[in-house]
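*Asks:* Right, I'll just put the structure down here and ask away after.
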């Protein structure tokens, strides 16, 4: 079996620490203690790293298509490596959840998230595993774009750091148990 863990975000240093890049941050945290080196693959339009965990090949992916076209990279990789949709997890930000809240789902709509809209459009289904990290709603008078492209304040940064640790633990648990339902039961909340 082959697994693929995708973190959504935008490429480039100017977006590196923005709320919208929580998926990239999660991938970086997951691979921190693994022997994974990323390569910038122009064919797949993604940064890709891989390793074996429990005798299974696991790909860690950060699409370089910019958020709104993430589905291009995800579809290309699923097809090329013949990865089953049930072996895909997508990690991304959710502004409809409080900062640092974590929610795991095995299906659902895009909920207004353009990266998820793109993935659904390209793979043709809403039924794929996802880990949503809350980034909160914009403050009064602030646009959604300026909110998601902004950085976390000091207080939220601490909370997000702890949440990213939970994301790492959830992904490790999933890779160990090979059961997303069980992972949802353990880590939702």
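In case you wondered, yes, glycine gets a Cβ from its N, Cα and C as well.
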*Asks:* Hey, Swiss-Prot has tRNA bound by 15, 66, 68. Any idea which of 33, 43, 114, 129 it lists too?
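*Replies:* Among the candidates, Swiss-Prot records only 114 at this tRNA site.
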*Asks:* Quick check: of the recorded positions listed here (10, 20, 93), which one has the Cα closest to that of residue 66 (tRNA binding site)?
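*Replies:* When the Cα distances are compared, 10 comes out closest.
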*Asks:* Which of the recorded positions listed here (10, 68, 114) have a Cα atom within 10 Å of the Cα of residue 20 (active site, proton acceptor)?
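*Replies:* Neighbours among recorded positions, in sequence order: 10.
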*Asks:* May I ask which residues of the same chain, at least 6 positions away in sequence, place their Cβ under 8 angstroms from the Cβ of residue 93 (site 'Stabilizes the basic form of H active site to accept a proton')?
*Replies:* 8, 19, 20, 21, 22, 23, 113, 132, 133, 134, 135, 148
*Asks:* Please list, in sequence order, every residue of the chain apart from 15, 66, 68, 114 whose Cβ lies within 8 Å of the Cβ centroid of the tRNA site.
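*Replies:* Everything else in range on the chain: 10, 20, 65, 67, 69, 70, 115.
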